[in-house]
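Taken verbatim from TrEMBL:
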- 25-47: transmembrane segment (TRANSMEM)
- 59-83: transmembrane segment (TRANSMEM)
- 152-172: transmembrane segment (TRANSMEM)
- 192-211: transmembrane segment (TRANSMEM)
- 245-267: transmembrane segment (TRANSMEM)
- 279-299: transmembrane segment (TRANSMEM)
- 311-329: transmembrane segment (TRANSMEM)
- 335-357: transmembrane segment (TRANSMEM)
- 369-390: transmembrane segment (TRANSMEM)
- 410-432: transmembrane segment (TRANSMEM)
- 475-665: domain 'Thymidylate kinase-like' (DOMAIN)
- 477, 478, 479, 480, 481, 482, 483, 484: ATP binding site (BINDING)
- 675-696: region 'Disordered' (REGION)
Ligand SMILES: Nc1ncnc2c1ncn2[C@@H]1O[C@H](COP(=O)(O)OP(=O)(O)O)[C@@H](O)[C@H]1O
Ligand SMILES: Cc1cn([C@H]2C[C@H](O)[C@@H](COP(=O)(O)OP(=O)(O)O)O2)c(=O)[nH]c1=O
């Protein structure tokens, strides 16, 4: 791998390199297909069992709808908390088997009551299955591929809807033909669809059974109290409320879903108010789907240079603006175009939010958080769908006449949509503010950077370099990614070629630095825990001393300086890890180093689990190493993000390959970049290694 862009959007590579994810994805596609087919078949069965009585039919159909939404709305968090304690693979397999049995029982029983009971039971099972599935995906793919994994999972979920629709039509037609041949199908038109659907769950169960899902990270709970379910749920809620990011995210998602509910609830009336009938409604529905698909699929790629948190807030605000535009244009064709934009922004917000949740939520509460979000969104959608038509009715038809010669008449549905749009827009701005991780950098410059292929040279601060400069290379990556190993190998090779080499590290590249290192890494701080800002300042102090005492003098002599960690470690550990604003940490480092940047930063990319295994041999973990897996996942994501923003100065290497392979790739990339050697090849002195504390 050479300089890789991050995050990674290559779908084919994702499916090829992660067979477990591929299997999971296939089973998800099947189950989703089954879900949609099942929904159509259940509605068909409800209608079929009440033939001839229009009122009874509509009551039966709405009962099925309500039974489908209600369990998740009422019991979602409970099921999520339970799901976090169960084995995820087993939960999914048992869930699929139960759904198989329940679906098959509906046509066999052939009774309306059993249809209702089975619908309820199926939804209850899905309540456990869903969070187990959502929480598993981040464990099957590396962090930088999570976004694309979410994208194709959403495509599997929603893309299977039209296919299921088509299959349903074909199966019902086929039922007519088969009626005479297979007497057991006589029961109803939807029966064959129900059987096919049941089989999809059976296949999905078999696929999941073969998955190798890594065990969950379970953190010890303080006080050793036996954790209770109630406590789990409260913790899940408190967890969402306690983090500004999650608060902003969940709040934003709820508002987005509320806006979606308004569109669903009022869409039909709105289209009628524009004088378009069923075909017009069809066009609008298709426009929404097209927009969402485009947003989910292409949005993250278009905005790959923008931070995900900013993307979410921006997309939500623009969704609000689009909704207002849809409502005010008064023409079905133009309105449909804005509907595409609305779908696009919503899809983009959705996939960003989903990925952020996967990355930011600790593994042991992830199921609960997803369940919490899932059930609250359902409550919101049901509530809004019920309330919106009532509000639209109350608003009635309004005529707005700004002048004598000009007046516009709006239907209540359009006005209600304007209100929803404004609320969504404002919520987007609030979310953006609350979660912003690039305070101090204007959104405009970020967007310019995102659209001009990551800003290139124009925006980089001119590095302060001594006149006769050598070459400055920084190794970055998680603890245990192999930085020390690679620095040693590279130093040997460079020395062979006649370069003067200085091998150094942060923190602790100087005598002063070693004292700071002691405070930073050994500080357990029970009495006075080190605050994130104090930590950031101490790392910056170490860096300032390091640059002045070791790096700059080395470069001035024309040496190749190899440092084990530099500025990006602060951006990753203090910025993304501790959640300090990245721009402030960057300002601090720029000040400490007087803007000195490496000529090349080599990111040794390895997943936190492998890195932790490599560190296992060491005597004790230091303060940073002992952080949670989610912390290390954020750190890794940040390194990759930084590398993706400036591919010219970065080289990302897959550090799970052998040390020799990593070294060979590094050499190959470095060779053309190096200045001429100052000594005679093979005769250079041994590399100067700035002493650091000996590792256990
Ligand atoms: N590419 C690699 N594959 C497997 N093990 C490695 C690799 N590179 C380094 N290691 C081992 O992993 C451990 C951590 O490596 P080290 O170079 O100390 O990492 P860091 O300096 O990033 O903490 C060491 O035991 C080392 O031998
Ligand atoms: C340089 C730097 C390091 N760190 C952390 C990362 C590491 O966990 C720790 C340095 O430990 P160290 O033992 O040097 O790293 P490694 O385990 O990779 O060999 O300090 C920061 O949090 N911020 C910084 O700016």
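Note that Cβ sites are derived from N, Cα and C of the backbone, with glycine treated the same way.
TrEMBL: automatically predicted annotations, no manual curation.
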One stretch in 25-47, 369-390, 410-432 has more Cβ pairs under 8 Å to the transmembrane segment (59-83) than the rest, namely 369-390
Sort out the sequence-distant neighbours of residue 479 (ATP binding site) for me: same chain, 6+ apart, CB within less than 8 Å of its CB, listed by position.
611, 615, 624, 625, 632
Highest Cβ count within 10 Å among the binding-site residues 481, 484: which residue is it?
481
Quick one: which of the binding-site residues (477, 478, 479, 481, 482) have their CB closer than 6 Å to ligand 2?
479
Once 477, 478, 479, 480, 481, 482, 483, 484 are set aside, which residues in the chain still have Cβ within 8 Å of the Cβ centroid of the ATP site?
475, 604, 606, 611, 614, 655
Interface-richest range of 25-47, 192-211, 279-299, 311-329, 410-432 toward the transmembrane segment (152-172), CB pairs under 8 Å:
25-47
Ranked by how many other Cβ atoms lie within 10 Å of their Cβ, the binding-site residues 477, 478 are led by 478
Model confidence over the domain 'Thymidylate kinase-like' (475-665), averaged pLDDT:
88
Among 25-47, 245-267, 311-329, 410-432, which stretch has the highest count of C-beta pairs below 8 Å with the transmembrane segment (369-390)?
245-267
Taking the transmembrane segment (311-329) as reference, the highest number of CB pairs under 8 angstroms among 25-47, 245-267, 410-432 goes to 410-432
Check the DSSP secondary structure of residue 479 (ATP binding site), expressed as helix, strand or coil.
coil
Return the residues near residue 480 (ATP binding site), defined as same-chain residues 6+ apart in sequence whose C-beta is under 8 angstroms from its C-beta, sorted by sequence, else 'none'.
606, 610, 611, 612, 613, 614, 615, 625
